[in-house]
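Below is one structure; the comments refer to it alone.
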Amino acid sequence: MKLAVIGGDGIGPEVTAEALKVLNAVRDDIEVTDYDLGARRYLRNGELLADADLVSLREHDAILLGAIGAPGEVPPGVLERGLLLKMRFALDHHVNLRPSKLYPTATSPLANPGDIDFVVVREGTEGLYCGNGGTLREGTPHEIASEVSQNTRYGVERVVRDAFERAQNRKKHLTLVHKTNVLVNAGGLWQRTVNEIATEYPEVTVDYNHIDAATIYMVTDPSRYDVIVTDNLFGDILTDLAGAVTGGIGLAASGNIDATGVNPSMFEPVHGSAPDIAGQGIADPTAAILSAAMLLRHVGDESNAQRIEAAVTYDVAERPAGPVKTVEVGDRIVAALQR
């Protein structure tokens, strides 16, 4: 397997090193190419993501990302638009996949969280994040700023189909989250698409939540969810809330997926670069390791994906109270693989 690794900034290289340690413990055929992308490169020479980088990345089977960002050093939006979103659009990562599971001994802020185990399938290349907007009369009392939410039948249908496929292979329940009572045009497109595709999946039950109601249910009754499908902005908000109710983003993994398989998909922990703890060896690499498991599942290695997830579940349950070193977490999970 040809694997592109973008360690990135802050704790990114530290957690990806442990994810690679675990990957190499279950497979002996991984060829790694490291890429110097992120704030460090931008601050050094002003480069973000060159066309040559994209050409090279496309030659790999998958991409593992650590974290990108340098708060206070790089202005907001530079790395997001010039690197992360550019890569997402260029590699057609139209499915953003975020599993949310409450692991044993993980502490949820909810008094009675129940059995939380759902996935959010977020559309990744359209909506309000497509860059369709602008500003007029900037800096004047009459300034106008607009952001246009772009939703196409093609874009909506392919992510809805992906969500139905996942629901078919899970607990067979899908929830559309939107705001159809106000966003009647985009919401209507999403609702019609779900209704039409639902006829192809008679075993999957379907319901609908407004986004504001979904934020309530995710706190009061998160176990009601199996697969959530939603647009780019609503998915961005919901997945952070999902991370919070399952004990924090330290265990939150994600995938940015081209479901067609034409381009390599990218897998990453949800957390940021955390420069305040970088280099101290205390960052929790569990989310990066779970992202590696998602990566293996995507490339068809279900057996080893399940092995890693089982090892993580065992380690989280047995992990001692108090801080655990980054390297030690990786070593513990490798040891758990041998059980």
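Heads up, the Cβ atoms here are built off N, Cα and C, so glycines get one too.
Model, not experiment: these values are computed from the prediction.
Here is what Swiss-Prot records for this protein:
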| type | residues | note |
| --- | --- | --- |
| BINDING | R88, R98, R122, D212 | substrate binding site |
| BINDING | D212, D236, D240 | Mg(2+) binding site |
| BINDING | G272, S273, A274, P275, D276, I277, A278, G279, Q280, G281, I282, A283, D284 | NAD(+) binding site |
| SITE | Y129 | site 'Important for catalysis' |
| SITE | K179 | site 'Important for catalysis' |
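Swiss-Prot feature annotations superimposed on the structure.
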residue : record                         : Cβ contacts under 8 Å, 6 or more apart
R88     : substrate binding site         : G124, T125, N256
R98     : substrate binding site         : V119, V120, R122, G235, T239, A242, G243, A252, A253, S254, V270
K179    : site 'Important for catalysis' : G187, H210, I211, D212, F234
D236    : Mg(2+) binding site            : R122, Y129
A274    : NAD(+) binding site            : G10, I11, A67, A283
D276    : NAD(+) binding site            : none
A278    : NAD(+) binding site            : D9, G10, I11, E14
Q280    : NAD(+) binding site            : none
D284    : NAD(+) binding site            : V15, G250, V324, T326, V329
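Long-range C-beta contacts of D240 (Mg(2+) binding site), restricted to its own chain and to partners at least six residues apart, with a cutoff below 8 Å, comprise I249, V270. If you take the C-beta of I282 (NAD(+) binding site) and look for same-chain residues 6 or more apart in sequence within under 8 angstroms, you find P323, K325, T326. Using a 10 Å Cβ-Cβ cutoff, G272 (NAD(+) binding site) registers 16 neighbours. Ranked by how many other Cβ atoms sit within 10 Å of their Cβ, the recorded positions R122, Y129, D212 place D212 at the bottom. Under the DSSP three-state reduction, R122 (substrate binding site) is assigned to strand.
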